[in-house]
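Some notes on the structure that comes next.
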Amino acid sequence: MGKRKLISQPTAGLHGELLLPGDKSISHRALLIGSISSGTTVIKHFLHSADCLSTLQAIRDLGITVTEQGNDIVVHGQGLTGLQAPANPLDMGNSGTTTRLIMGLLAGQDFQSVLTGDSSLQKRPMRRVSDPLSTMGADIQTAPAGTLPVKITGQPLHGVHIKLPVASAQVKSALILAALQADRSSTIIEKLPTRDHTEIMLRKFGADVQTAPDHLTITVKPQPELKGQTVDVPGDMSSAAFFLTAATIVPHSDIILRNVNINTTRTGILDALLKMGANIQVTALPSSGEPAADLRVRSADLSPLDLGEKDIPAIIDELPLIALLAACTPGRSTITGAQELRFKETDRIAVIAQELRKLGVSIQELPDGLIIEGQETWRPVDPTLDSHGDHRIGMMMAIAALRSTTALLLRNPEAVAVSYPEFFVDLNSLLTKEKEL
């Protein structure tokens, strides 16, 4: 557990270009779907983060050969029924995505497996996945608190018609992966639209997965013959969001972010920034799968923002940054309907409030969100910030420090490796006229 000195008030702003790391959500799914397809799947621009490497190791432990070909990852798939019983419990590390999607993937396999993870992951709720899977005939046992470790005894699965009680792409994706193995078609109805990377990728691999015009109802036909594909992973919008925020709130900034995923289920942060008055130019790029664009961002003055439940699914991972943007914007901003934030790597509602208060921000915690009274300058009351082992909190605080009038330290900066190992390197590259972080 180290400490890192953070840059405060860079006088020249941020300048330059970045090619963002590959999208984390898409990297996870390319590995998992590639493993149950026939033939080879080539993944270009794969994200080599701790979370994605947990998924990579998990499919290896399930008997899938994964090789590297230059900078590409090659998955030698074995088809829908080709996974093998693991010799030991599967270690999910810190990755909730790996855990929840693999629960769906393994529910219909003909062997038993156990999932475990680190101390943070073992606190996160898993019954939100195991309960709906059980309606399909899955046999999944969680720990008494509804957490890891989870024991999965593969069973024949049945198609279902199910309404999901929470808006969660992970829960939806687990059910879709299970539905591929069922005896008849399944219909999954979401509470609110969530990111649809699983559906897009499965269609690319040959599955019959249909989304209704309401973007809430998904129909999955079972037993598809999936065939390996080449997946070109675009840059991660959730990673780009840190630099969109930084360039917006730091005066004299002008940066370009190349090849960023602009799937409409992921652009909540972009939409929110534009609504607040950010100066962002979007240049769409040719694409055969997920849409992508180059984003030019220049500093701008912002207006307050109110976000409610319907806004949250498309911006769930970026809400720490929305809180920061609001803290920099004179006036009152509110976030509500975001109770899912309490079940991330940390209770992010509590941690956001705790850490921003150290900077002198006026912020009120709600059961499902935050009220932020923004101001142009802050007076830090505690110079030692903490990521709490949460990658998104760590990166958010590094961006927040750019607006601080005093020197700051960040505890546990290594947490950023979960999704963005090169975060500090890339941030430094945009601050070339400043002392490095």
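From the backbone N, Cα and C atoms, a Cβ is placed for every residue, glycine too.
Taken from TrEMBL as is:
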ACT_SITE  Asp317  active site, proton acceptor
BINDING   Lys24, Gly96, Arg124, Gln170, Arg348, Arg392  phosphoenolpyruvate binding site
BINDING   Lys24, Ser25, Arg29, Ser168, Gln170, Asp317, Lys344  3-phosphoshikimate binding site
DOMAIN    10-426  domain 'Enolpyruvate transferase'
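On the 0 to 100 pLDDT scale, the model's mean across the domain 'Enolpyruvate transferase' (10-426) is 97. One residue stands out among the binding-site residues Ser25, Ser168, Gln170 for having the most other Cβ atoms within 10 Å of its Cβ: Ser25.
According to DSSP, Ser25 (3-phosphoshikimate binding site) sits within a helical segment.
Arg392 (phosphoenolpyruvate binding site) and Arg29 (3-phosphoshikimate binding site) have their C-alpha atoms 21 Å apart, to the nearest angstrom. In the three-state DSSP assignment, the secondary structure recorded for the residue listed as 'active site, proton acceptor' is helix. Within the set Lys24, Ser25, Arg29, Ser168, Gln170, Asp317, Lys344 that the record links to 3-phosphoshikimate, no two Cα atoms are more than 19 Å apart, and one pair reaches that distance. In sequence order, Leu319, Pro320, Leu341, Arg342, Asp390, Arg392, Ile393 constitute the residues six or more apart from Arg348 (phosphoenolpyruvate binding site) in its chain with CB-CB distances below 8 Å. Take the binding-site residues Lys24, Arg29, Arg124: by the count of other Cβ atoms within 10 Å of each Cβ, the lowest one is Arg124.
Here the CA atom of Gln170 (phosphoenolpyruvate binding site) lies 10 Å from the CA atom of Ser25 (3-phosphoshikimate binding site).
Nearest to Arg29 (3-phosphoshikimate binding site) in space, judged by Cα atoms and limited to the recorded positions Gly96, Arg124, Gln170, Asp317, is Gln170.
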